[in-house]
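For reference, the structure is listed below as structure tokens.
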Amino acid sequence: MKIATFNINGVKARLPRLLEWLDTFQPDVACLQEIKSVDETFPRMEIEDKGWHVETHGQKGFNGVALISRHPVTDIVRGLPAVDGGVADGDDQSRYIEATVMNVRVASLYLPNGNPRPGPKFDYKLAWMDRLVAHASRLLTVERPVVLAGDYNVIPQDDTDDCHDPAAWVDDALTQPESRARLRALTHLGYLDALRQIHPAGPKYSFWDYQRGAWAKDHGIRIDHLMLSPEAADRLKGADVDRIPRAQEKASDHTPVWIDLAA
DNA sequence: ATGTCAAGTTGCACTTGA
């Protein structure tokens, strides 16, 4: 069972590339972020016509997440709950969708960037991560495979395996101790960083800025992650970055990261 | 030093967010 996460940076601008990638890669589930579309104008029919199931949680202009699946999708949750598990009143940003596919609980998440820092955007990022950790903890009680996939906007480690130039990112919200501590909190709960389980070392970037020729120079960072509950980790067979989409014309600034779970 | 892109709008040139 292949599950991929892909920040597509605008579903309408990327639709031909997205359809090509779905056709080529054939994921069982694709977790999309930054669809930058409301649900009503998401190109649902174009994707459904190729045999996919589509579930979206969009908003106007920015953010927005979606699940695209070869298989039926049930028990959909839209929006990340509050720390206490209730509805997060006052959060109008569409950054989280979760559902069950083939008896695996799969989430597509788009964690706040948090820049500039310090400031309200960084505070929102940390508060959002607190909610994610609390929700991830609750999900463990179902004792079945859980895959939390998405753009975490956190570079896990200060080394060139995760960041082409750690010194250049030292003041960025993506590298702060507070951000990293909350990502580690998922690990302490029992979630596994699937890509680093399969590839413990070596550059595995998933994002390259459009500016300064970052892709051509491989000046990337690793910020797209799939975190696996113990029941999902038991089934982990493979994981990697698919760099092919990033090299194409009209590419997103991210490229897909994927896992393969045993049946 | 600079270099980009997508979406939205009191729109065709700018802002915002990344």
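Using the three backbone atoms N, Cα and C, a Cβ is placed for every residue, glycine included.
Per TrEMBL, these features apply:
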type: DOMAIN; residues: A:4-254; note: domain 'Endonuclease/exonuclease/phosphatase'
type: BINDING; residues: A:ASN7, A:GLU34, A:ASP151, A:ASN153, A:ASP253, A:HIS254; note: Mg(2+) binding site
type: ACT_SITE; residues: A:TYR110; note: active site
type: ACT_SITE; residues: A:ASP151; note: active site, proton donor/acceptor
type: SITE; residues: A:ASN153; note: site 'Transition state stabilizer'
type: SITE; residues: A:ASP224; note: site 'Important for catalytic activity'
type: SITE; residues: A:HIS254; note: site 'Interaction with DNA substrate'
type: ACT_SITE; residues: A:HIS254; note: active site, proton acceptor
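Shown on the structure are the features that TrEMBL records.
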residue  : record                                  : Cβ neighbours (10 Å)
A:ASN7   : Mg(2+) binding site                     : 26
A:GLU34  : Mg(2+) binding site                     : 23
A:TYR110 : active site                             : 27
A:ASP151 : Mg(2+) binding site                     : 28
A:ASN153 : Mg(2+) binding site                     : 26
A:ASP224 : site 'Important for catalytic activity' : 26
A:ASP253 : Mg(2+) binding site                     : 18
A:HIS254 : Mg(2+) binding site                     : 23
Inset, instruction - Identify all same-chain residues not among A:ASN7, A:GLU34, A:ASP151, A:ASN153, A:ASP253, A:HIS254 whose C-beta atom falls within 8 angstroms of the centroid of the Mg(2+) site's C-beta atoms; report them in sequence order. - result: A:ASN9, A:GLN33, A:TYR110, A:PHE207, A:ILE223, A:ASP224, A:SER252
Legend entry - Integer Cα-Cα distance in angstrom, A:ASN7 (Mg(2+) binding site) to A:ASP224 (site 'Important for catalytic activity'): 8
Inset, instruction - Let me know the DSSP-derived helix, strand or coil state of A:HIS254 (Mg(2+) binding site), please. - result: strand
Legend entry - Cα separation, A:ASP151 (Mg(2+) binding site) to A:ASP224 (site 'Important for catalytic activity') (Å, whole number): 4
Inset, instruction - Restricting to the domain 'Endonuclease/exonuclease/phosphatase' (A:4-254), report the mean pLDDT as a whole number. - result: 97
Inset, instruction - Round to a whole number and give the Cα-to-Cα distance in Å for the pair A:HIS254 (Mg(2+) binding site) and A:TYR110 (active site). - result: 12
Legend entry - Secondary structure of A:GLU34 (Mg(2+) binding site) (DSSP, helix/strand/coil): coil
Legend entry - binding-site residues clustered about the residue listed as 'active site' [Cα within 10 Å; pool: A:GLU34, A:ASP151, A:ASN153, A:ASP253]: A:GLU34, A:ASP151, A:ASN153
